[in-house]
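Undergrad: Quick paste of what TrEMBL says about this protein:
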DOMAIN    A:26-498  domain 'Cytochrome oxidase subunit I profile'
TRANSMEM  A:36-57  transmembrane segment
TRANSMEM  A:77-97  transmembrane segment
TRANSMEM  A:113-133  transmembrane segment
TRANSMEM  A:187-210  transmembrane segment
TRANSMEM  A:234-258  transmembrane segment
TRANSMEM  A:270-292  transmembrane segment
TRANSMEM  A:304-327  transmembrane segment
TRANSMEM  A:353-372  transmembrane segment
TRANSMEM  A:392-412  transmembrane segment
TRANSMEM  A:433-454  transmembrane segment
TRANSMEM  A:474-496  transmembrane segment
TRANSMEM  A:529-553  transmembrane segment
Amino acid sequence: MEASLSQPIDGKPRTLVEKANHALGMNTKDARISRTYLFVAFAALMLGGLFGLLQVLERGGVLEVPLGLNYYQVLTAHGVLMVVVFSAFFTIGYFYAGLSHTLGGLLPKVRKMAWIGFGMKIFGFILAVIPILTNDASVMYTFYPPMAASPSFYIGLVFIVLGVWMLAFGAFINVAHWRKANRGKHVPILAFFGTGVFILLFFASLPVAVEVLTLIPWSLGWIDTINVMVSRTLFWAFGHTLVNIWYLTAVSAWYVIVPKIIGGRRFSDTLTRVVIIALVIMNITGGFHHQIIDPGISESVKFMHVFMSLAIGFPSLMTAYAMFSVFERTARRKGGKGLVGWYKKMPWGDVRFLAPMIAMIAFIPAGAGGIVQSTNQLNQVVHNTLWITGHFHLTLGMTVTMTFFGVSYWLIPYVSKRVLTPAINKLGVIQTILWTVGMSTMAISMHTVGLFGAPRRTSFTTYGDNATAAGWDPYLTLIVIGGSLLVVAGIMQLYAMFHLMFRAPKGEMEFPIAEAEEGESTPYWTERWGVWIVLMLVVVAMAYVIPLTEFIFNAPPGSPPFRTW
Amino acid sequence: MKQSVYGLLLLMALSIPPVANLMESIMIVHMHMQMPLLVVAGFFMARYLQLRFPHFFESWNNNGVPGMILFTIVVSYWMIPRTMDEAITIQSVEIFKFFSLAILAGVPLRDSWKKLGQIGRNIMISLFATLFFVMGWVYVNSPEQLCNNYRLVEQITLGWGFFTTAICMVIYLIYISIVDRSAYE
């Protein structure tokens, strides 16, 4: 029975069942993949959120982390759960649903690959989480040397990477198949975004794979020392790209989903595709700005890299323009008047709009912060302070996560064949406001106290009752208040997701994809991913040849493994 | 026409002394970033010259081959360590570098590339990939400092820059040979 429900891959329904299935939405088998990924994502959010709360409570001096856990252990778990599990699983669930919906279903072999990938990721995650729980891998999310985790942690990471590759290639196969069946046509925009995201996921995980493969023999004691600078560089080529992958995922919802929800059309299709290509080409090189204050790199090389990092700002500025243009255009069509008349015509009571909209607004200060801190001197001031923690809570915790929340209010009922009820929508609106207040309180306090010098990656200390350190306390209290609000909002979100996945009334939910403006023609060169990938590789080579050659040929003494906790 | 202005602006920006000094302070940036950008500037500026002197390009670069030969000679000249040194120490050579890469390499590249056809282009990419592997080998393996102005490690860096760029070219050649574009387009 299940097999007969499968959708035709070429998008042309033949039998009555296929036609009905096509009209109603997603193939049940494909929906199960997305639903499972989303379930794991939100389970990780719950656990990661609780660890986050424990962390802020200790950092604020309220209590010590209980249950025999320690601060750095909880910090590592929070980072890994949020960054490697929640965001990544959500991204994959969302794009696989998008690929299935826009390309007329997943190919059977791609479906199989998605499940194998899922198995690998979960297996890898279990291998990585055991040493975290036994306090053998409190190396934090940035797991580079000289701190060494248990080998099992690194071996787990290898499986996670292999799982990612499996999913990336599954996506490529499906897109290539669609293109062959639809010669000369442009890949549907959401699948185009998915292609970009999976290309980045694949190429960004290459350097970290090399890093991890060198860390394994080092942590096992087979080799005595490791080149720390090379490891850090390989890590950030991945680490920074990874956060940008979620940002690109959020951006896809802004360009494609939000215009539909407000009853408008998409901004220029060409510009959208150019933004995606630009983000893919310029992203991996941006990672080096994390090492702006590292020793052993000449000033001129750092200066060059500031350009490479700031280049990512351009597509973001284009996005800001595009989104506000869509708002204005839609509002004017609906009779909005005045300079900013658009805001009255937007569906503020619809959580599917409200959450991504606040996410977009949050990206204005978040992006600006990113731009300033990638410059040399400002980075010297803020690099090891809570400012940075505030920055990524504003970018990831607010911009990306809130967009994901907004998406989940239609995506989860869509893949569960249920509907978003007005009551859950209302709950979502309250939850969104609570999350906004919580995250703003936390992020603003972190930014501010960071400027005063409060360090990051450290548990609560008064530094011998030092007056300056005591001056940070009010802000740390605000961070605790913000973190507590976030946990309440997180629990509301989880309740909503659970309800939408298992309890909400059965029905069909729309997959909201906005149409492009009429009469627009997109040039075909945007489809030449092969060329863009080669260009990306050239840019990556340009960026990393200088520091890596320097680090290898003028290598400092290697570092033995350290356990600092 | 607009792009010719952009090309000129790029050339002017690259000629500003602090910009030129910064780019020339790192060997690989000098050869793999400043020089290609000069070619790019010429590439954009070529539009004006093509419109202004159509007859000249038609008679002297009819099938694109003469233009590509000129391009190859000019670019190869600037790959020699000695020429890089002279560009830094002798001002007239520096001026010649800006002029030759923009006008004698960028302009013919623009005029020739479309005339070459797919096979001609692939030959050029293969030629440069080979050249880059050879240059990479020379710069990485030379035990001596080849340029007075740059340290040995910078030379090795440049060598690896040649290798990685050559690898990218090979990847491109493999891509176009194994992917049948007509199946998609």
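Quick reminder: no glycine exception, Cβ is built from N, Cα and C everywhere.
Predicted automatically and left uncurated, TrEMBL annotations should be read as such.
Given the structure is predicted, the values throughout are model-derived calculations rather than measurements.
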Undergrad: Before we move on, state whether the transmembrane segment (A:304-327) and the transmembrane segment (A:77-97) share at least 3 Cβ pairs under 8 Å, counting only pairs 6 or more apart in sequence.
TA: no
Undergrad: Taking a Cβ cut-off under 8 Å, which residues six or more beyond the ends of the transmembrane segment (A:113-133) line up next to it in the same chain?
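TA: Residues packing against the transmembrane segment (A:113-133) from afar: 33, 36-37, 40, 73, 76-77, 80, 84-85, 88-89, 92, 96, 106, 149-150, 152-153, 155-167, 169-170, 173.
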Undergrad: To the transmembrane segment (A:474-496), which of A:270-292, A:353-372, A:392-412, A:433-454 is linked by the most Cβ pairs under 8 Å?
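TA: By the under-8 Å Cβ criterion, the transmembrane segment (A:474-496) pairs most with A:433-454.
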Undergrad: Let me know the model's mean pLDDT on the domain 'Cytochrome oxidase subunit I profile' (A:26-498).
TA: 92
